[in-house]
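Structure, as structure tokens:
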């Protein structure tokens, strides 16, 4: 099972990926985690990524694509994986398609969690309030203004992936505002049709 979860920040992608990982025993591949691992392992590509990050620059698609390709080849991905935070752009999606094709693989689904942005802001605010009430630490970017900026960035850069994957026939859209259990059940119906 090879899939991509799409949706803006706060849509519940991480929650759903965690449930899928537990149920199906496939890893959740996060771009950030993959970059950190490549740097820590001091692989050739990891050294290139570290040099770019140390210079305060964004890691190029070429480097990210290579790191993803190497990660997909790992034994724990033999039965599938969930991509989280990749691809972020249409060129990355096209590179992923070529990469998988070259390995004799293809995506099983691209699932977009459709959500109402105003409701997401309210959801984020209540999550912050709960964290504070429990005495927990709140991320510096967990405030309405920063969150709205992240939503705008998503809309501008990542949302075009919906059109791209709709065009390939791989996109499945579900209501991400439903309760966690309902969203999970809908994802299962898509992945394991009756």
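Here the Cβ of each residue, glycine as well, is placed from N, Cα and C on the backbone.
As the structure is a computational prediction, the values presented were derived from the model and not from experiment.
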Annotated companion of 10, 11, 12, 13, 14, 15, 127 at the ATP site, Swiss-Prot, chosen from 55, 78, 178: 178
Stretch carrying region 'LID' according to Swiss-Prot (options 109-125, 126-142, 143-159): 126-142
Which listed residue (15, 31, 57) has most other Cβ within 10 Å, given these are binding-site residues: 31
Tertiary contacts of the region 'NMP' (30-59), as residues 6+ beyond its ends and Cβ separation under 8 Å: 66-68, 70-71, 84-86, 88
For AMP: widest Cα to Cα gap among 31, 36, 57, 58, 59, 85, 86, 87, 88, 92, 139, 150 in Å: 28
Spatial neighbour of residue 11 (ATP binding site) that is closest, considering only the binding-site residues 31, 59, 88 and their CA atoms: 88
